[in-house]
Amino acid sequence: MAAIRMGKLTTMPAGLIYASVSVHAAKEEESKKQLVKPEQLPIYTAPPLQSKYVEEQPGHLQMGFASIRTATGCYIGWCKGVYVFVKNGIMDTVQFGKDAYVYMKNPPRDFLPKMGVITVSGLAGLVSARKGSKFKKITYPLGLATLGATVCYPVQSVIIAKVTAKKIYATSQQIFGAVKSLWTKSSKEESLPKPKEKTKLGSSSEIEVPAKTTHVLKHSVPLPTELSSEAKTKSESTSDVQISEVGGKIIGTWGPNVTNSGVLRI
């Protein structure tokens with residue numbers, strides 16, 4: 001019995017050690033399996049070495065919608081502008097009516113007399129221009145009504161006059177600048193010199209030399225020592241020396257680099 005107990009005691013630690021070793025080995029295998037990169041899995045393909053982006057071409061349906069949108073875009077914008085203009089006009093008119101109603105509901109004390117003065121002045125202008133031309137029929141009532149309004153509302157009339165004068169001045173300055181720019185442009189174009197035709201000018205030092213010579217001496221002519229030395233020095237500095245006889249005179253001509261020519265008499 002004692003031997004059996006000792007055997008059990010010796011076998012239990014060995015079993016525990018084996019179990020712990022197997023568990024540790026299993027954990028290491030699991031950790032190794034978890035450290036695998038996603039690119040190394042068989043479900044992924046190797047990326048190409050050289051890739052190029054290709055833009056997707058629009059189809060027929062997309063091109064059709066684009067052409068319709070571009071064709072109707074300007075008309076839609078014009079309709080939107082008209083709608084906004086009409087809407088703002090209606091809103092301003094409604095607001096003006098509301099303000100006028102509130103003002104007329106509780107008018108100040110001097111409102112009715114002032115309106116009476118303006119109305120009477122306008123009617124007086126209409127009556128005075130009854131037998132006149134159309135211009136008088138328009139200007140007389142407006143002028144007298146404006147005069148009556150100026151008398152009744154001097155402060156507002158001064159403000160309106162200042163604003164109108166500023167607008168007129170700005171418009172006149174713009175017109176003056178446009179006319180001035182056109183005038184300066186036209187004056188600059190007129191002041192520019194016209195291109196002249198190229199003319200061939202001959203210098204006064206150029207002298208025409210006849211191509212034909214009467215007679216060229218083939219035999220040598222004895223020259224004095226001074227002239228021979230000059231001829232030698234000139235022949236050294238030039239490329240051509242030609243001696244000709246014209247009318248009993250011996251003429252020596254040098255090349256183009258020599259300015260003087262020698263004349264000898266026999």
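Including glycine, each Cβ sits where the backbone N, Cα and C put it.
Swiss-Prot lists 1-27 with the feature transit peptide.
As annotated by Swiss-Prot, topological domain 'Mitochondrial intermembrane' applies to 28-110 (among others). Counted with DSSP, the topological domain 'Mitochondrial intermembrane' (28-110) comes out as 56 helix, 0 strand, 27 coil.
The list of residues near the topological domain 'Mitochondrial matrix' (130-137) in space but at least 6 beyond its ends in sequence, with Cβ under 8 angstroms from a Cβ of it, is empty. The topological domain 'Mitochondrial matrix' feature in Swiss-Prot is assigned to 130-137.
The annotation topological domain 'Mitochondrial intermembrane' is assigned in Swiss-Prot to 156-266 (among others) on the grounds of sequence analysis.
Per Swiss-Prot, phosphoserine is recorded for S204.
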